[in-house]
Structure formats: structure tokens, C-alpha cells
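Enquirer: Handing you this structure, nothing more for now.
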Amino acid sequence: MPVLIHFIESSFQVMDDDDQALLKKMFDQALREEGRGEETTEVGIAFLDDEAMRALNSAYRGVEQTTDVLSFPLDEPGYLGDIAVSVPRMKEQADMYGHSERRELYFLLVHGFYHLLGYDHATPEEEMVMFAKQEALLNAFGISR
């Protein structure tokens, strides 16, 4: 069953219809791989500036700085949670890592989605598992470094 993605109103236009359709396929695949493919669930996505991300990071994590991506898992029936992406940070990181903005955007969204599914990277072991899943999903859809 599908993931329904709701893009929260934003002044940033970073994904066209084709990108949104691809992201949906990626999220659907991740759910299937987690044995949750029969679920119909919703995810909210917001593209924000650094000031808004700093405010969210402060309010929810107590960290007084911006960040690239935040996830807000709800895991309620029918609603998995929300993902917020800093567009300026995404662009900076794409340049820093030497790959496209599109690749960085998908990386951050997939990273956020795996957090919604319960993955974390607080320990080296957790990081290895989570990042391997992310890279495998990105590569399966042609979003490679």
C-alpha cells in the first residue's frame, strides 16, 4: 500500500512532480523492505530556511543551531510523521560533499524517513545499519554519489 506524501507549504520549490513521484516510490520500497508494505501511511515534508530549522532544533532538541534534517515520528495509525529539511544547508552540503543538490536532497529525505521508521545512528553499529539501508535504497533508484 502507498505512502501518501504531503508537502507542507513552502517558498522553496525543490521538487517537481517527477521528483515527488520518485520519492514516493522510494518510501514505498523502504516500507516494503521493513515488512510494512501493506500499510497506507502519510508523511509530511517541509522545506525550510535555516532560521526555521534553528527554531525547530531548539524547541525539540534543545540545540541552538540549524541542522540539515529533522524527523518527527508519530507512528500513529495512518500517519508516520513529518520530515523537515533545511534547503540552504542541503545546498551547502551538496557543494561540500561534491555531489548534486538533487542527490543531497534525496539523501536527507531518505535519512529522515528511516528515522520515522525507528532507525537511529547514536552508536557506530546503529549508524552502520541505517546508512547501509539509506545507500542501498538511493542506489536502487539511481541516486548515487
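In case you wondered, yes, glycine gets a Cβ from its N, Cα and C as well.
The following feature annotations were taken from TrEMBL:
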- HIS111, HIS115, HIS121: Zn(2+) binding site (BINDING)
Enquirer: For HIS111 (Zn(2+) binding site), what is the secondary structure by DSSP, using just helix, strand and coil?
Expert: helix
Enquirer: For the recorded Zn(2+) site, enumerate neighbouring residues of the same chain (Cβ within 8 Å of the Cβ centroid of HIS111, HIS115, HIS121, site residues themselves excluded), in sequence order.
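Expert: Counting only non-site residues, the set is VAL69, SER71, GLY112, TYR114, TYR119, ASP120, MET130, GLN134.
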Enquirer: Fewest other C-beta atoms within 10 angstroms of its own C-beta: which of the binding-site residues HIS111, HIS115, HIS121 fits that?
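Expert: Ranked by other Cβ atoms within 10 Å, the binding-site residues HIS111, HIS115, HIS121 bottom out at HIS121.
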Enquirer: Under DSSP, is HIS121 (Zn(2+) binding site) helix, strand or coil?
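Expert: The residue in question, HIS121 (Zn(2+) binding site), is coil (DSSP, three-state).
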